[in-house]
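This report concerns only the one structure given below.
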2 protein chains.
Amino acid sequence: MDQLLFWLVPVASVLALCFALYFHREMMKESEGTPQMVKIAAAVRKGAMSYLKQQYKIVGWVFVGLVILFSVMAYGFGVQNPWVPIAFLTGGFFSGLSGFLGMKTATYASARTANAARHSLNAGLRIAFRSGAVMGLVVVGLGLLDISFWYLLLNAVIPVDVMTPTHKLCIITTTMLTFGMGASTQALFARVGGGIYTKAADVGADLVGKVEAGIPEDDPRNPATIADNVGDNVGDVAGMGADLYESYCGSILATAALGAAAFIHSGDTLMQFKAVIAPMLIAAVGILLSIIGIFSVRTKEDAKMKDLLNSLAFGTNLSSVLIVIATFLILWLLKLDNWMWISCSVVVGLVVGIIIGRSTEYYTSQSYRPTQKLSESGQTGPATVIISGIGLGMLSTAIPVIAVVIGIIASYLFASGFDFSNVGLGLYGIGIAAVGMLSTLGITLATDAYGPIADNAGGNAEMSGLGEEVRKRTDALDSLGNTTAATGKGFAIGSAALTGLALLASYIEEIRIGLTRLGVAEIHSGGEAISVQDATFFDFMHHYDVTLMNPKVLSGMFIGSMMAFLFCGLTMNAVGRAAAHMVDEVRRQFREIKGILTGETEPDYERCVAISTKGAQREMVVPSLIAIIAPILTGLIFGVPGVLGLLIGGLSSGFVLAIFMANAGGAWDNAKKYVEEGNFGGKGSETHKATVVGDTVGDPFKDTSGPSLNILIKLMSMVAIVMAGLTVAWSLF
Amino acid sequence: MDQLLFWLVPVASVLALCFALYFHREMMKESEGTPQMVKIAAAVRKGAMSYLKQQYKIVGWVFVGLVILFSVMAYGFGVQNPWVPIAFLTGGFFSGLSGFLGMKTATYASARTANAARHSLNAGLRIAFRSGAVMGLVVVGLGLLDISFWYLLLNAVIPVDVMTPTHKLCIITTTMLTFGMGASTQALFARVGGGIYTKAADVGADLVGKVEAGIPEDDPRNPATIADNVGDNVGDVAGMGADLYESYCGSILATAALGAAAFIHSGDTLMQFKAVIAPMLIAAVGILLSIIGIFSVRTKEDAKMKDLLNSLAFGTNLSSVLIVIATFLILWLLKLDNWMWISCSVVVGLVVGIIIGRSTEYYTSQSYRPTQKLSESGQTGPATVIISGIGLGMLSTAIPVIAVVIGIIASYLFASGFDFSNVGLGLYGIGIAAVGMLSTLGITLATDAYGPIADNAGGNAEMSGLGEEVRKRTDALDSLGNTTAATGKGFAIGSAALTGLALLASYIEEIRIGLTRLGVAEIHSGGEAISVQDATFFDFMHHYDVTLMNPKVLSGMFIGSMMAFLFCGLTMNAVGRAAAHMVDEVRRQFREIKGILTGETEPDYERCVAISTKGAQREMVVPSLIAIIAPILTGLIFGVPGVLGLLIGGLSSGFVLAIFMANAGGAWDNAKKYVEEGNFGGKGSETHKATVVGDTVGDPFKDTSGPSLNILIKLMSMVAIVMAGLTVAWSLF
């Protein structure tokens, strides 16, 4: 029965891919509109694809380097699992593929959405949302497919006779984690590179176009406008897809590894197997419910803005409610020990995700006081807008942190049978809460990817000179996307924190395996020698003295906190530099190419696209490499306690910093929109100019540095896990 | 011999106070200049004093509340040391007194400095610097006086017969720590209140005066100009004084407590006594060397800017070099175990302080590339200035963090005899490094307090219509102050981090005492029962499971990181709100009082002073109370592991955040000055306007939120220490 249940996982993943293909085909049947619309869409598509090609080339070299390193470690020195190099590669490949497919669909969908919006709002919504759903389903489908594939493969090839079945599952699950590192590495480059690209183009386009030349957004006279639209695709679609692919797989794999570890002592191989497949099953059921949710999104033909929002909310809420019921059902079917309370941990994760999303909405939507007051502060100029926005962003960290803390404690207590000393099951509870949060990713990601598609549709409509009415409809779709994005961000950031915690525990498991591989049989805890195989989390903490009074732990924590800031600083500066190049180019075109501003000559869009591409490529390498090198170096210098300090310092500071940056950026964006809606003087007033400064500052906050931190948190953990063997070997050496 | 050596401590403290009095008298003999100068100085003095009176009133109520709470805990429930309420009061009193005396001197000195500058640069420097020295010497003098007084008193009144002498010193030193909490509480209100006051006035004056009305800084036509000058005194003098008084005492007391704890097992009471008085002796010698350094600051009559800088640098460098030699000497005289290596720990602290100061200078001075590039980014408008400044500030956290990490490890290893497991002595080493960093506070604080005096002198010269030449001299003095302030900030922030770490260890000592008071005889570590008296730091860590896998520790860390951001957000918003009131008032005066801008009518300065005072009073309460309540609540909910997590999370995030904010703010300030020096278009250009926005945003960064974080870090630890008895009692209950 249980073995049979497992097959739900590959089935659900294939189903997700089939529906993705179906939605893609349906969308492709629609018309792309006028020749001008087709031309613009093609230009954006070409720019996006050429960027992605460049990015994959650079990332390819990084992968080659890392695979060589892993191979030397695995086959040369034997401090690494022999499957690691291959698993690492597939993780990177599938993560990249998710981004690629999602982006390809998005670039085909934008003109079609704009064209459909010529007929009705509802038609536009349908195309944009279902194209977003392609991305959502591809991510979850490929993720679970990769997981099933490796699970079945490793199960078949790892011989049972060299170890007990109990330990076999531990080896399998921790090996699978390394494909998570492949996904993380790909995701980091996608997020950082895409984030720099999109904001360099955006800031460049705004500074010269809007501020200096005084032409509106997406105006075809602005040379950077195609690059700006390309940026939405490479940053918000491909980057976001790779990011969430990684969170999704990371949380499932970390939880599976924790499940294997939690039952290592009991010798109950059946229960261990159940604990391993439980997160996969929840994810599989989540896929099915996401598909149902996606189909439930429809509106009346004469839908108003509010109806649109309600229909999207209906879809996600339906999936959320159904997953709660389905979780209890599936864990009961599985007859997992303590299934009822573990199901409650899943619910905790879902609820925390929703709370963070709501809190984000409260702090960043112009429907609420905080953002309205931010607009008001624009009356005293740009300086007060910046001060108030930073203040707002910092205050907005309180609710999400408290929600996560309550979530940690509650999911831990539920899963551990209300016993704080039952660390193994408690941590499993935290992991499964992360899985719960991401279980309906298929549909939440659809609402997220929908945003940039609607945004691009608006750009296309504007540049193709479609009527006022059409532009108004695409604006409504765009604005809806901004609201749903808030919830999506909450899930991305909350899941990063919980997944990061679950990965910490996996790190300890990896240390156990590393010690075993090196022939170390015993560790010391409280003066006693304990066999490595039987040692608990506590024993490892005591053996390595991972307490808060160990200067190595403290040093690691300081470095971890610093890493979060350093990484943000590097990406902020990267956007600044890349944007400056764009500004120079746009100014040059206005100066040298006559007739651009009168609309007689077409600007040289391609050069701007090339500049953004080059800038992003150049700038993404240093921050990404630092994220990979820091945990390795810390491990070599400070050993296991230093690495754990680094990870937790990075996690706690990075999480808070990420929320601060995302919310400050979001609030600045909407504060500007609130003024544009006619408040405090409206468009063109001094207050408006002040809020435009806030919006420009907020761009790298919310779309480059903030989201990249999510991945930094997870990637550092992943690197630590994969390098655990080296750390252990080095400290023994 | 050793007992004799101790008397050096009170003698040095009295000597410091005598020299402070001497410098004060010398300064008072000088002329205050023209009647207009006298009038302006009197107005500033009156405003400053009336602010301080208001502040002490509110702080008084908070102290009454806390003393009642402590009394109930001590005399009612017996979960608190009976000396705590009184010690707490004296700490608050002396901290306030330091600020008061320093500020009184500063407000008398500014007009005299301006007047002396009419004759020569050198005369101006002499008065301003020696008046700053009054503050430096009052702080260290009162600090050591309070320490000697309590040491002698407790030594006399605590009966030997109830406990072994070994434990007696532990009781004495941990009791004395509670006067540190009094100082912290006072300091927090002084920093937060003063910081809000000064920046509300500054931002208000700049936004309406400079930006809207187009009149220069310190122009008498600006109604907020007196309030602005008052702000420099209450924020940068009184606030800084209370802050560093607290750091100074905190580091000495925490190290003394660690010294008492480190020798608790050996039963060697003599060595324990030596370890306790060693930090006091280093501080005492530091006072004597500071006085020598202060006297060594002289320049030639025709001194240039560079000579001035050199002469100040000569004084501080002389003191630093001498203290290194003196430390080896005094610890050798004391015959402290391992004296040579412990002296090396002192040197480590000094070096770390200097590195942080140099790094601050590099990132914030317009003589170096980072700030110059920041000015350059002004060419593309205010948004890029903000983006680049935030990027710069974040990058600038790397060097200080790495310096502190190396400092932690080196001082720990030196003092522990290169044995990581010798936690007691290792932590003592970290504490003594903090003492080393602050040992020459007498002179470093003098160079710091000198800054606002020179600034006010400039203001006075401008408002009194003194000639161009005089204004140029006061500008030179002011600019020198900005440079020396960088080093001062390095010491303030670095010492906060190291003191924070030392206080963590004191917290464990306080837990030990709390358990003893409650009659708990044994704790459990690694399955064994160990007597509370003999338990090591490790044992406490194991008993309470303060490891990184405990969800309570993790929760505490998340909350700690969040506290740093929340606190900053609250203070940023407070400045924003208070500044908005000031803007409204200044606009009202320009509108309603005719003839202000033509210079015919005098504006209503006093109303602006009153508005700033009121704003600061109202706004300082919430952030300050949150800082006090958070550790208490965390202790009640999550117990000892949660509190330690909170403290370390707050320490690591807060330290990095504080450096980021201070450096970003400093760089914005100087980027504006660099443009004003004629680069990128000079004064009045668009680039200049963009950098003015940066400067305004940087004001609360560098003068309100950033410095307040230093105190937040220490205050949370102090509160945790004082409340340790309650936490323990509650968790047993």
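Each Cβ is built from the backbone N, Cα and C atoms, and glycine gets one as well.
Sequence annotations record features per position, and here TrEMBL assigns site 'Determinant of potassium dependence' to B:Ala485. Positions annotated as transmembrane segment by TrEMBL: B:6-23, B:58-77, B:83-106, B:127-151, B:245-264, B:276-297, B:309-333, B:426-446, B:490-508, B:620-638, B:644-664, B:711-732 (among others).
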Select the range from B:6-23, B:245-264, B:620-638, B:644-664, B:711-732 that forms the most Cβ-Cβ pairs under 8 Å with the transmembrane segment (B:127-151). B:6-23
Cβ-Cβ under 8 Å with the transmembrane segment (B:644-664): same-chain residues at least 6 beyond its ends: 360, 363-364, 389-390, 392-394, 396-397, 400-401, 404, 489, 493, 496-497, 500-501, 503-504, 507, 544, 546, 552-561, 563-565, 568, 630-631, 634, 638, 698, 701-702, 705-707, 709-710, 712-713, 716-717, 720
Per the Cβ filter (under 8 Å) with a sequence gap of at least 6 from its ends, the transmembrane segment (B:711-732) is approached by 70, 73, 77, 79-81, 84, 88, 174, 177-178, 180-181, 184-185, 187-188, 191, 243, 246-247, 250, 496-497, 499-500, 503-504, 506-507, 510-511, 513-515, 517-518, 520, 560, 563-564, 567, 627-628, 630-632, 635-636, 639-640, 643, 646-647, 650-651, 654-655, 658
Stretch among B:83-106, B:245-264, B:309-333 sharing the most Cβ pairs under 8 Å with the transmembrane segment (B:490-508): B:245-264
Give the three-state DSSP assignment (helix, strand or coil) for B:Ala485 (site 'Determinant of potassium dependence'). helix
Determine which residues of the chain contact the transmembrane segment (B:620-638) at the Cβ level, with the cut-off under 8 Å and only residues 6 or more beyond its ends counted. 55, 58, 62, 66, 185, 188-189, 192-193, 196, 552, 555-556, 559, 563, 566-567, 570-571, 574, 645-647, 708, 712, 715-717, 719-720, 723-724, 726-727, 730
Among B:6-23, B:245-264, B:309-333, which stretch has the most Cβ pairs under 8 Å to the transmembrane segment (B:426-446)? B:245-264
State the residues, same chain only, that lie 6 or more residues beyond the ends of the transmembrane segment (B:6-23) and have a CB under 8 A from a CB inside it; answer 'none' if no residue qualifies. 101, 130-131, 133-134, 137-138, 140-145, 147-149, 277, 280-281, 283-285, 287-288, 290-291, 294, 442
